[in-house]
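**Student:** Okay, handing you the structure first.
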Amino acid sequence: MQADVASQIIHHPFQCIASLEQGGGQFLLAACGAKLLAYSIAGRVIASKWCSGTTDSIAETSNGHANGSEERPAKKQKTDNKKSSPASRIISIRVSPDQSHVVVVTEDKVVHVLNVSGVGDLTELSQRAMPKRPCAVRVMPNSSTILIGDKFGDVYSLPLIVSEPQERPAQPEAEVAKSLGEPALFKPSATPLTVHTKRNLRALESQKKQKIVTPRKEPLAFEHKLLLGHVSMLTDMVHATRQVDGKIRRYILTADRDEHIRVSRGPPQSHVIEGYCLAHTDFVSKICLIPRTDLLVSGGGNDWLGVWDWLRCELLAKVDLRKAISHLLPSIDERIAVSGMWVVPVAAQTDQWTLCVACEKLPALIFIDCSALEHDSPADAAVTVYETDEAPVLDVAYYGGNAGHVLIALDDRRPDGCRLRAVQVTGTRDDSKTRSKLDISEFNTLNAPLRQLSASNGVVEDDAVLDGFLYTTANLRKRGGWDEDNEA
Amino acid sequence: MGGPPNKKQKREEHRNEAKAEGELPKKKFYRQRAHANPFSDHALTYPASPSQMDWTPHYPSFVATKSEVKPESDAADEATTPRLDRQLEIADIGCGFGGLLFALAPKYPDSLILGLEIRTSVTEYVEQKILAMRAQAKNPSVQPNITKLGPLDEDTKPPKSELNEDTKPPPTNPDPSPTAVSPSQVPGSYTNISVLRANTMKFLPNLFPPTSLSKIFLCFPDPHFKTRKHKARIVSPGLVSEYAYVMKPGGVAYTITDVEDLHLWMCSAFRGSGGLFEEVPGDVWEEREGEDGLDGGGKGMGEAWEAEVREDVRIMREETEEGKKVTRNGGQKFVGVWRRVADPPWP
């Protein structure tokens, strides 16, 4: 879609966005490569910048909106050596429900917690490196616990605020001292009686003589709990609560690459599985709860969205996505990969919501009225396709509560491209049949400043590299034909 | 690393050659590397959900007649998927060459037992062997290698004749070996066991509905010695939750290994299950003097239940292929028995 642009300058889009309300003002958080901008919507200015690279972040925050230093982190991250390039691209932003903190995850598996001041200044409070790449990040409603689901299928909970940053528990240190003191011999778990082949026995003999060269990888040096585990890459996670007999029940819903949606109890009973929502025949990449209902919508590599009663693990309907977007697909057998789902408010309506669905590389955002999903035949829910002028949708956020301003981050790499767009869902209008469609209009007072913001924050990038970074959902699809005979 | 080409050829020849009815497959043609990566996408077939699984080809003797199919199954796929007259009850996860399956079959002739194995060629062996054993049981006149007949049950339960209408006791057994009991007397005639190629670490909830299994066996699993590989172990804190999910309260999970470290790891996973499993202490299942056999029955925690658990442990120790190998090698066997408790109340 950027074919018409000469290959000279390619601008980095905002790969993740979020909104935040602080000190009575609305802020847009937008991640551009390794940088995070806090943009004051009322003031139309960048309130602060933060960069995941430690050295750069100091320079960036002190320089405020200096545009001259823009290209430094970009250059650095091209060198593939981890140590010399501290700046790592942002893959996820989550705002705590109390709006005071931002959890930023970078490609190098580090979870950063930032504090947000009343004027939108971002200050980094902590960095925690996870063992595997975090794929799903949520902040619990109490704003004190982070849930992280990773590529290995594990879900951890971490306190949002690291209580005593530098103080380490005494135990690991003692162990380190011990291992330094005596040149410990490697103690294999197998004994001559457990292994059967000659080769194994020989290997065991040599293992016994071996000294421990590499000390065991230290377990995570910060407070964390393993809540649950899938034997599959985790793709998305949501947290839900229900009130039963005056008591709050917490749930964690997790989706994985092997078609599962698991409903578990929330901590401290996350090891209890309440059920599985099973029907997908390809990966599940996104799950989304519909407010005020027991409905869960799931999307992934199938041509449809699943509408579930998640408490009963019952599939209520499949909403046909292919039918809705077939005119936008480059070919008839092009496969669909749902890359994002969000619930956004309908403007000027109390508690009326609409579901937004993005498909990877598809230059459109699909809107589905949530109230239609609640009705008897959700499969017939009207789908409104909002086309985004050739630029695929990367992320969606909204601000202003019920006012319903929806912000869409687009992959527009042209120098004068529109990388952020504000729209409003202005309620439903009745279609000729009883189906209702949504009206979506551009929100003009904001679009001009957003265009400016996007124009001034471009980063030179390589097209293919950028594609590889932004579009990872379709890679979740299994490549058939592989079998154990190929396994060495 | 395929061996010399003629090995491959011999395997194919063996598998393709027409076998006499009841002829057992030869294990040497089905051996396969003992490790499989549970994280990779094997070319597996599995149902999207348990209600879409058609078990009838696995247990043809237990297919529900029309009237037995519950009318309340209203979902489209449920209505079209053929049903069995009962639920699967016992799973042997990582069944290997199926030693445990063949030993359990006559013990629980009314329970459906499934072996699950990730290696294709090993699964194929078990498939072939089940067919052969069924054929032998059905028609005892064809017994090419009766001495190889696996577990022989001393129980004198009559075979479930209503399952195999064709099974008629042979007029005379041509050459009854003194030690072997005629297979026509094998309860269940091996119609109650089957095998499925599956990666249970990923797809257990796709195969079994919640609270459906009363027994799970995890025998001599891959120890995955390296710390980095511990997530690939078949018992892990995360997977214990899944085993609990498919098991009935009161059901029993059995583990056995010859690697002490692995045993301790499995114990800690079950103990750390937040009260989903409780340990059945060794004095319940350790073998006692002067006791042999049992007659199933009680599912409570009474004497009968304890005797059943004891017998299961004995079979697991002695009848699994790996168990025999460890005995030959003089190795130790570490057993764990875990009883599924009802889900804890909400906090």
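Placed from the backbone N, Cα and C atoms, the Cβ positions cover glycine too.
Reproduced below are the annotations present in TrEMBL:
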ACT_SITE  B:Asp222  active site
BINDING   B:Gly94, B:Glu117, B:Ile118, B:Asn199, B:Thr200, B:Cys219, B:Thr320, B:Glu321, B:Glu322  S-adenosyl-L-methionine binding site
COMPBIAS  B:10-26  compositional bias 'Basic and acidic residues'
COMPBIAS  B:154-168  compositional bias 'Basic and acidic residues'
REGION    B:1-32  region 'Disordered'
REGION    B:136-186  region 'Disordered'
**Student:** Roughly how many Å lie between the Cα atoms of B:Ile118 (S-adenosyl-L-methionine binding site) and B:Asp222 (active site), rounded to a whole value?
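**Tutor:** Their Cα atoms are separated by 12 Å.
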**Student:** In sequence order, what residues of the same chain, 6+ apart, have a Cβ less than 8 Å from the Cβ of B:Asp222 (active site)?
**Tutor:** B:Ala34, B:His35, B:Gly94, B:Ala232, B:Arg233, B:Ile234
**Student:** Using DSSP, how many residues in the compositional bias 'Basic and acidic residues' (B:10-26) fall into helix, strand and coil?
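**Tutor:** Counts, helix then strand then coil: 7 helix, 0 strand, 10 coil.
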**Student:** Using a Cβ cut-off under 8 Å and a sequence separation of 6 or more, which residues in the same chain sit near B:Thr200 (S-adenosyl-L-methionine binding site)?
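**Tutor:** Residues satisfying the criterion: B:Ala91, B:Ile93, B:Gly94, B:Leu116, B:Ile118, B:Leu207, B:Ile234.
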**Student:** Check the DSSP secondary structure of B:Glu322 (S-adenosyl-L-methionine binding site), expressed as helix, strand or coil.
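**Tutor:** In three-state terms, B:Glu322 (S-adenosyl-L-methionine binding site) counts as helix.
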**Student:** Give me the non-local Cβ neighbours of B:Thr320 (S-adenosyl-L-methionine binding site): same chain, 6+ apart in sequence, Cβ-Cβ under 8 Å, ordered along the sequence.
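**Tutor:** Correct list: B:Gly96, B:Gly99, B:Leu100, B:Ala103, B:Cys219, B:Phe220, B:Ile256.
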**Student:** Tell me the coarse DSSP state (helix, strand, coil) of B:Thr200 (S-adenosyl-L-methionine binding site).
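**Tutor:** Reduced to three states, the DSSP call for B:Thr200 (S-adenosyl-L-methionine binding site) is helix.
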